[in-house]
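K.L.:
Structure incoming, see below.
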Amino acid sequence: MLLPRSVSSERAPGVPEPEELWEAEMERLRGSGTPVRGLPYAMMDKRLIWQLREPAGVQTLRWQRWQRRRQTVERRLREAAQRLARGLGLWEGALYEIGGLFGTGIRSYFTFLRFLLLLNLLSLLLTASFVLLPLVWLRPPDPGPTLNLTLQCPGSRQSPPGVLRFHNQLWHVLTGRAFTNTYLFYGAYRVGPESSSVYSIRLAYLLSPLACLLLCFCGTLRRMVKGLPQKTLLGQGYQAPLSAKVFSSWDFCIRVQEAATIKKHEISNEFKVELEEGRRFQLMQQQTRAQTACRLLSYLRVNVLNGLLVVGAISAIFWATKYSQDNKEESLFLLLQYLPPGVIALVNFLGPLLFTFLVQLENYPPNTEVNLTLIWCVVLKLASLGMFSVSLGQTILCIGRDKSSCESYGYNVCDYQCWENSVGEELYKLSIFNFLLTVAFAFLVTLPRRLLVDRFSGRFWAWLEREEFLVPKNVLDIVAGQTVTWMGLFYCPLLPLLNSVFLFLTFYIKKYTLLKNSRASSRPFRASSSTFFFQLVLLLGLLLAAVPLGYVVSSIHSSWDCGLFTNYSAPWQVVPELVALGLPPIGQRALHYLGSHAFSFPLLIMLSLVLTVCVSQTQANARAIHRLRKQLVWQVQEKWHLVEDLSRLLPEPGPSDSPGPKYPASQASRPQSFCPGCPCPGSPGHQAPRPGPSVVDAAGLRSPCPGQHGAPASARRFRFPSGAEL
């Protein structure tokens, strides 16, 4: 209740009186713009605040009434939209089941997979809205025949005759050649000159991948920092007490046995995580300096071994890609086409297993083990994709190589007339191969292993058991597929559609594998820190995809034979041309100034000011949080002072008093004390216990509080009446 305290008590000097605090709080609530509905007070207090804000007889302005009505309508619409979104949410029931049976750590993987599906659908919607629909609706003029280039390519390779017998429709689909002349690849997009069209398809095609990357970056960053404000308010080392979880975890609205079983598993997993973290914290506190030094040296040894594995994997991928691109005339041409994806898949299959084995040797905490394994797996995967991109650049774009066919046209025109399509086909094959590997591993490895383990008995089968569902490895697979999709946004604009289908099917495949064929980890972990690392890994993949794309768009010559930018030295050259055609001289000068070095100095000063303001605001928020914590502690102590004053002022019941009729009716609603005579948690320090019902033994009177000896019986003070007395 927001009522002033009428009982005075001893107070330290400098502490304001309760009446002053109450008046200040009333004044703050009166002038605050926070809706009364959102205030953390009882209904009686909210009515009082409402009367303070709108006294009786005072007519509010029409604008204020309209504003209040609009806020109410917006709030109701927002709540209705949130309820509708929760009701129509994708895989809500499946996520609830997985979280209850296997814990929030494994559930975070499936939630992350759903988030990636949403990102791909948004990217597809952006590309279809700004590129595909205008291209179909406006029907831009035909650019005419392509340039007839006379190529001088000594010793150029031709397709080997033995390859023709393998060219069936299935192989064309797997390699992407069946879709070469469709909108799946870059080469099928053709328009006329910019001056002959109202809507610039070239500019839309150029900016759509950049907008998709920016949209994915903002969504990932928002999801990453989603829990940081709550973590800042609660503190770094905050943990909810086990007593609160024991008494408040159960949902009493459950009426179905299956839901009750899932809820029991969920509570059990939460307690396992809490107890495991507490046990490890105690072990860390008991270690000596020598044990700590040995532990750090073992950590260093494991990380060095993991680094050597990454270097070896990168070397294997580089030589496999180089051999595949340099030996196209051999009879094994079809197998060599899938040699780089095969080596990358083999590395990504063996790497997480080795990393998990090495990390588990050091007995890390579960969260640290998952995050460290995930970091090394991501380093391996992103490094392999980076090396794959570098090797393609050396072969197709002659980056770092001296080749005569690259001097005149800027790329290896003898072997790759439309090099954007070639790069798109490589990324298409990589995406297809990753999904096929996921399907094959689920139904050709995990399923037979489960059937054999369930069918036979013995030491070997007991040792083999079901496969453990490794979260780092599964996260690595979907992050790798998403990174490949981002890398192919320019060369294969509809690759997000393909990846969306793969992610949708992957969810059900992984769910079946988890529920039927796998076993959960015996060491559960929290979802909070793992979710943060998932988003961090995704940002690293986004950075890996954005750097090559920016380099290609700004510096690499486009193909002379296909695509939208055949007459441009680089795709970005279309932007200055459109600026010169569509903007007045003032706008051109303004854009030229924004892109010049002279604008960098005021931009740097402005960013410095913004950064200073943000840092200052962060520090002010931290100080405010510290003050609010102290105020909360003071309020708890103030309530205990009120209880002490009340216990001193109320009369003690005499020995002849009988319970029931002699107590006034107002005492019937008096709360019971959960710890009569003992200092309860949150009380201001240790005080002499108030004796309640005690146990008498041979030694005399005992205190009801554990570990404390009672006072004489004559020192009895007032205590709250028990339930039997009431």
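Along the chain as shown, residues are numbered 1 onward.
In case you wondered, yes, glycine gets a Cβ from its N, Cα and C as well.
Quick caveat, the model's predicted, so the values are computed rather than measured.
Sharing the feature lines straight out of Swiss-Prot:
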- 652-662: compositional bias 'Pro residues' (COMPBIAS)
- ASN148: N-linked glycosylation site (CARBOHYD)
- ASN567: N-linked glycosylation site (CARBOHYD)
- SER6: phosphoserine (MOD_RES)
- SER658: phosphoserine (MOD_RES)
- SER673: phosphoserine (MOD_RES)
- 362-530: region 'TMC domain' (REGION)
- 651-726: region 'Disordered' (REGION)
- 1-114: topological domain 'Cytoplasmic' (TOPO_DOM)
- 136-200: topological domain 'Lumenal' (TOPO_DOM)
- 222-299: topological domain 'Cytoplasmic' (TOPO_DOM)
- 321-338: topological domain 'Lumenal' (TOPO_DOM)
- 360-426: topological domain 'Cytoplasmic' (TOPO_DOM)
- 448-488: topological domain 'Lumenal' (TOPO_DOM)
- 510-531: topological domain 'Cytoplasmic' (TOPO_DOM)
- 553-594: topological domain 'Lumenal' (TOPO_DOM)
- 616-726: topological domain 'Cytoplasmic' (TOPO_DOM)
- 115-135: transmembrane segment (TRANSMEM)
- 201-221: transmembrane segment (TRANSMEM)
- 300-320: transmembrane segment (TRANSMEM)
- 339-359: transmembrane segment (TRANSMEM)
- 427-447: transmembrane segment (TRANSMEM)
- 489-509: transmembrane segment (TRANSMEM)
- 532-552: transmembrane segment (TRANSMEM)
- 595-615: transmembrane segment (TRANSMEM)
K.L.:
Examine the transmembrane segment (115-135) against the transmembrane segment (489-509) and state whether at least 3 Cβ pairs sit under 8 A, considering only residue pairs 6 or more apart.
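P.N.:
Answer yes, regions in contact.
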K.L.:
Which sequence-distant residues neighbour the transmembrane segment (489-509)? Criterion: at least 6 residues beyond either end, Cβ under 8 Å.
P.N.:
91, 94, 110, 113-114, 116-117, 120-121, 123-124, 127, 131, 183-186, 189, 205, 208-209, 212-213, 420-421, 423-424, 427-428, 431, 434-435, 438-439, 442, 478, 481-482, 545, 549, 552-553
K.L.:
Considering only the recorded stretches 201-221, 339-359, 427-447, state which has the highest number of Cβ pairs under 8 Å to the transmembrane segment (532-552).
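P.N.:
The stretch with the most close Cβ contacts to the transmembrane segment (532-552) is 201-221.
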K.L.:
Can you check which residues sit near ASN567 (N-linked glycosylation site), meaning Cβ under 8 Å from its Cβ, same chain, 6 or more apart in sequence, and list them in order?
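P.N.:
Looking at Cβ-Cβ distances below 8 Å from ASN567 (N-linked glycosylation site), excluding near sequence neighbours, one finds none.
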K.L.:
By DSSP assignment, list the helix, strand and coil residue numbers for the topological domain 'Cytoplasmic' (222-299), in that order.
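P.N.:
Tallied per class, the topological domain 'Cytoplasmic' (222-299) gives 58 helix, 0 strand, 20 coil.
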K.L.:
What same-chain residues lie close to the topological domain 'Lumenal' (448-488): Cβ under 8 Å, and 6 or more beyond its ends?
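P.N.:
Distal contacts: 102, 105-106, 108-109, 112-113, 116, 119-120, 123, 212-213, 216, 348, 352-353, 355-356, 370, 373-374, 377-378, 381-382, 385, 389, 423-424, 427-428, 430-431, 434-435, 438, 495-496, 498-499, 502-503, 506, 510, 513-514, 516-521, 530, 534, 537-538, 541-542, 544-546, 548-549.
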K.L.:
For the topological domain 'Lumenal' (553-594), DSSP counts of helix, strand and coil?
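P.N.:
The counts are 25 helix, 0 strand, 17 coil.
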K.L.:
Taking only the residues in the topological domain 'Lumenal' (553-594), give me the average pLDDT of this model.
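P.N.:
Computed over the topological domain 'Lumenal' (553-594), the mean pLDDT is 83 on the 0 to 100 scale.
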